[in-house]
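This report refers to the structure that appears directly beneath it.
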């Protein structure tokens with residue numbers, strides 16, 4: 001008998017699925033009483049080097065509205081989801097107990113099919129480059145872009161749009177004179193106008209209304225999107241000659257940056273030429289949009305860009321309009337399966353708050369940095385083009401995720417970088433959580449770590465018990481364009497046992513996956529935070545936590561000290577404590593852009609990374625032993641320790657007071673203190689390891705006791721010692737934090753009190 | 001000037017009085033009952049006056065333009081000095097030199113009358129138009145000094161306090177030189193200390209002859225910041241070349257020719273100092289349905305093309321690199337000009353835009369904050385969807401009807417508004433048209449005409465035959481001296497006022513003539529009206545001041561002063577008129593009239609006014625004689641023949657084969673012509689080429705078919721056209737000398753230049769032709785006309801003393817008709 005830990009791990013490794021509950025309560029009523037919904041984190045494209053894709057078409061259930069691919073029995077099989085009996089197709093004539101197709105083997109609960117139908121389209125990369133940059137920044141960006149060309153597969157199509165005051169679409173096929181089409185940065189054009197102005201619509205083709213202009217003759221579409229191998233030199237030259245926006249910027253003004261129109265042109269271009277084909281629009285910006293549609297801030301430097309303060313006071317005059325504009329663009333882009341990346345490098349805000357939907361809805365990346373001339377940007381950008389063992393990009397396009405459930409379950413919604421496809425079906429729950437009301441979601445850009453949170457509702461009525469040994473089944477069907485241009489379908493089918501919550505509550509409790517649950521609840525919280533006031537969200541989270549504790553805690557009424565939680569729930573309150581303090585829910589000290597950036601990554605990373613984001617990891621290095629993980633607590637900050645904190649976004653190396661003094665004195669350079677040198681080196685090496693793999697590359701901070709950058713650490717740790725609980729002063733245990741935030745201890749005490757209270 | 005001869009030919013001329021030659025015209029004229037019964041029939045198809053009538057009136061007996069021209073040439077041997085007020089200069093056909101002694105040279109200003117009537121009544125009675133044709137930036141012959149530039153320093157030019165007239169020889173210094181009295185408005189103004197100078201015993205300033213503004217008729221002031229737009233010294237101007245690259249443009253070879261030519265032409269951009277490089281910046285645009293701007297920044301390895309397809313809302317896509325200095329970007333520009341023909345060699349785009357093209361140039365100049373000139377090379381009616389889109393409205397049925405005037409009015413108001421914007425920015429537009437069909441010249445010409453630009457038209461352009469003409473026109477147009485962002489103001493002495501202006505310009509009020517560009521060929525005709533009495537003592541003064549930016553970016557004021565006499569006797573007026581200038585005025589007046597009136601009304605008005613002028617003379621000045629006798633004033637004896645030419649012109653009386661575009665083109669073209677050009681345009685120069693030995697030109701003959709001899713070769717020149725007429729029985733030797741072939745039938749009539757043959761006759765003729773071409777603002781394509789060839793029809797059109805195919809009267813007939821009109825007025 002394996003433990004739940006092992007079971008969960010195995011499931012995650014094989015199917016990329018982590019459920020909040022691994023035994024499902026068998027009735028709707030009981031399910032709602034469990035507080036945390038039946039839900040899962042699903043990583044559709046989890047890397048499975050051991051999983052060979054099969055080369056044939058999946059067998060579908062013949063009932064048209066079901067189409068589930070399922071398990072087989074004899075020559076007739078019954079659909080697990082709609083119970084339709086289906087005969088096997090002729091190609092399966094030879095199956096027997098010993099000769100089974102892969103679908104029928106238990107280890108293939110996840111299987112990937114390669115679809116041979118349809119033409120394969122090359123990958124498309126459309127660079128949209130801001131030229132209102134400092135010379136140094138532009139130079140660095142140009143180098144990065146040129147570098148990226150060498151990473152693209154030769155047949156990939158590339159395009160280039162540059163913008164400043166004007167928007168230029170560069171034609172890449174031409175010899176001699178470099179041609180570009182110019183758009184005014186202040187004029188909102190619809191897709192048709194853009195395509196007409198780019199000469200993409202043939203007057204003769206307009207005769208067939210209704211039919212979207214299919215990729216017509218190659219000559220006209222390809223002028224702007226050309227195979228890399230053909231225009232490599234051209235494009236390199238073009239990038240080389242790229243100048244800063246030549247329009248003068250008067251004193252006291254921001255450069256005029258037409259980001260909105262540039263994106264609209266990019267979306268319109270792809271829409272007209274390659275609809276429903278995998279494409280990435282890569283937007284590089286060095287500042288906020290300052291003119292035209294999508295403008296975030298005016299060009300007067302004396303009016304600063306909106307802050308949370310302004311937004312709360314409803315004082316951000318461009319916010320709503322710009323957001324609406326970018327949302328419309330994002331939706332258009334999503335419909336066509338094109339994803340939009342934003343690489344924003346500037347010291348001030350660049351309008352990510354308004355533009356975040358571009359990436360959030362289309363599965364694009366957001367990368368935020370101080371300058372294009374930093375390793376943070378350069379390496380992150382390079383990592384976008386990282387390849388797997390087969391030499392294919394770790395990215396997929398135009399994904400459609402469909403969820404099928406057996407009849408006791410319905411799907412409530414999804415949270416992740418996706419948009420609803422509005423596919424109504426029998427398994428759509430009326431109770432929406434996240435993006436609901438559908439069984440299909442479009443995920444335009446996918447990579448192996450893209451993880452969606454999916455929420456379900458048990459709909460089985462209390463008075464219709466499920467027979468003993470009954471299993472609920474969920475099937476995830478992910479259709480996507482692989483980076484080698486193949487169309488593929490990955491099918492993951494999972495089943496879980498039903499349990500009667502009244503008689504088997506202990507079993508259900510032990511099947512609780514508190515890590516997954518924490519992340520899934522956090523996603524719900526973050527999803528709410530996008531539309532609700534911060535305090536409301538916190539209150540909601542608190543209430544959920546208290547209710548969970550009441551349900552599963554063991555306590556005597558009104559006796560907080562008697563409160564106990566079982567092992568499977570023990571860490572959960574702590575996660576919630578840190579979540580409450582995280583930048584995903586707290587906007588204090590973060591700009592609107594930063595908040596958007598953090599949230600963007602939170603709702604798409606897998607469980608491990610998400611947990612790091614909620615509760616950063618802290619390692620301690622000392623002479624007294626090997627590096628060890630320590631509590632994220634101010635008590636861990638000791639003078640003779642070096643700390644390494646990983647918050648996902650930052651990697652902080654903190655030298656304790658004594659260590660810092662030694663380092664300043666230069667002991668590490670003396671031969672006799674070789675071990676000190678090694679101690680200093682150890683966290684650096686570990687940090688390096690993380691830096692190598694993390695996407696986006698974290699901000700790397702090397703600081704020490706009393707250093708200004710130490711704030712990164714101090715703001716994260718549990719303030720167990722503050723200036724308020726003075727008794728700790730002068731003791732050798734940790735460092736006090738100057739904060740009024742409550743510590744974990746206070747939080748827990750409070751929680752216990754409320755949980756045992758009869759009145760709550 | 002031989003004033004002494006005036007008395008002897010006073011009133012009228014000998015031959016007309018001779019009963020023997022003129023008798024039949026007098027009396028009831030039984031020969032002309034039908035056709036000339038009323039003016040309304042006059043313009044109709046020539047109902048042959050009948051051979052009998054023609055016999056009765058000897059063409060040699062009526063005033064001959066050739067005779068008048070030759071007489072004037074013989075008379076004008078001395079240089080013409082401008083010091084004497086009211087003196088009429090030699091005719092425009094006469095070669096003479098000028099000494100500026102206080103009035104503007106006739107090369108700058110010519111008047112209809114050098115002795116103006118003192119009162120409005122007199123003027124009205126005589127009907128003689130009081131006008132001046134001013135060509136402010138005219139080029140002077142090499143032996144005459146161009147106007148001096150005067151710098152009055154920081155405070156700017158000295159001006160009258162009240163009427164703001166500029167310092168000129170008519171300012172009277174008083175009170176020992178401390179003040180001066182304005183000759184125009186009589187207001188007294190303090191002389192600023194830095195300008196003070198003592199007076200001599202005659203009341204003249206001691207430094208009078210050291211200062212051009214006190215002793216000369218024409219000079220320039222250096223303008224100060226106050227005279228500049230936005231109180232900012234101007235930037236050097238820019239030239240933008242906008243080339244149509246649609247299918248027709250490429251196919252006709254135009255694109256290729258323009259691009260090739262521009263490469264050399266860029267070295268000849270206008271400059272003031274021939275040693276230095278021109279500071280004029282250049283930019284390039286090509287277009288069909290969309291516009292292509294080019295970045296030709298010197299630092300680039302290759303030019304860059306920026307396509308703007310949003311023609312509905314034009315803008316300039318780039319600033320830096322569009323307008324460049326030729327020397328800094330030469331390589332990139334040459335590379336661009338080499339590549340443009342290739343890039344569009346396979347184009348299939350036939351639609352073009354036009355409005356956005358002008359807007360593009362205008363926006364570019366706005367962005368660069370400078371004045372400049374657009375050179376647009378265009379082929380077709382702009383029917384692509386864009387502002388300023390035009391529809392084909394050619395309707396020959398309207399010709400001759402009351403609705404004809406609508407054809408001369410532009411479609412919509414788009415181009416008028418655009419022209420206004422262009423003028424405000426100092427954006428002059430020159431249009432080179434290469435149409436194969438109707439292009440709505442009227443509308444396309446609105447902006448060029450309003451901005452002081454020119455229109456050049458090459459119908460059915462073919463590289464082989466029209467290249468030479470086009471290239472010469474283009475070269476001249478690029479190189480010629482011009483001013484930018486100009487404003488002209490004409491001030492007059494109390495009693496008269498400039499009331500009307502004709503030419504290529506824009507006026508937003510009644511006094512300021514705004515010219516986005518003003519080149520050396522453009523003349524403006526100004527009409528004056530009395531608003532009070534003039535005095536014979538002071539005469540009438542006028543001062544024309546043109547504020548402009550020179551091609552080097554200097555802001556200047558060019559001032560031309562003109563003083564004429566005033567008279568209380570009509571006879572004095574008639575004695576000091578200049579018919580050529582009157583014809584210039586009449587033609588411009590009439591050609592503007594067709595915008596608002598039916599052409600027939602316009603023709604009648606002209607005939608009527610002319611008759612009144614002559615009748616008034618007859619009534620008040622001529623010595624009494626028989627009523628049937630036609631008596632013409634000496635100065636105006638050619639008025640009938642020239643006026644007939646105006647009436648017969650394609651604009652007022654088109655032949656069936658004259659297109660609307662041609663008429664509109666001529667109408668616009670003539671509006672900015674000076675007196676020399678209108679003279680030769682209306683009465684072409686026809687030279688017999690029999691004896692070319694002498695260094696001077698052969699004496700011209702009258703433009704009539706009967707003057708041509710079968711055995712002769714003739715050259716005819718109008719300023720726009722150049723014909724070589726070859727008689728059917730020319731001697732073989734002459735043909736051999738001219739064409740290198742002895743046979744008449746072997747002459748290739750399609751040649752546009754004569755073969756280069758090594759004989760004196762051929763050399764001399766080619767020299768004459770090239771001289772003609774050099775004299776005229778437009779290059780004339782040579783057309784060889786063989787007698788009795790079908791092309792002779794075109795040639796005959798220019799034999800203006802004959803009846804025209806369109807129904808225009810012959811000289812003789814018209815004179816008779818005029819006589820009748822006069823008699824009607826007198827009775």
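Cβ coordinates are placed from backbone N, Cα and C, and glycine is handled just like the others.
Note that this is a predicted model, so its numbers are computed, not measured.
Among the features that TrEMBL reports, compositional bias 'Low complexity' is placed at B:22-54.
Per TrEMBL, domain 'Zinc finger Sec23/Sec24-type' is recorded for B:157-195. Tertiary proximity for the domain 'Zinc finger Sec23/Sec24-type' (B:157-195) is limited to same-chain residues at least six positions away from its ends with a CB under 8 Å from its CB atoms, namely 102, 150, 203-205, 213-217, 221, 223, 491-494, 538, 541, 543, 545, 557, 559, 561, 563.
Mean model confidence of the domain 'Sec23/Sec24 trunk' (B:234-478) amounts to 93 (pLDDT, 0 to 100 scale). Taken from TrEMBL, the feature domain 'Sec23/Sec24 trunk' covers B:234-478.
In terms of DSSP helix, strand and coil, the domain 'Sec23/Sec24 beta-sandwich' (B:483-566) has 0 helix, 54 strand, 30 coil. Among the features that TrEMBL reports, domain 'Sec23/Sec24 beta-sandwich' is placed at B:483-566.
What TrEMBL records for B:579-678 is domain 'Sec23/Sec24 helical'. The DSSP breakdown of the domain 'Sec23/Sec24 helical' (B:579-678) into helical (H, G, I), extended (E, B) and coil residues amounts to 65 helix, 0 strand, 35 coil.
The domain 'Gelsolin-like' annotation in TrEMBL covers B:696-769.
According to TrEMBL, the region 'Disordered' annotation covers B:1-59.
Look at the domain 'Gelsolin-like' (B:696-769): DSSP puts its residues at 24 helix, 12 strand, 38 coil. Under DSSP, the residues of the domain 'Zinc finger Sec23/Sec24-type' (B:157-195) split into helix, strand and coil as follows: 6 helix, 11 strand, 22 coil.
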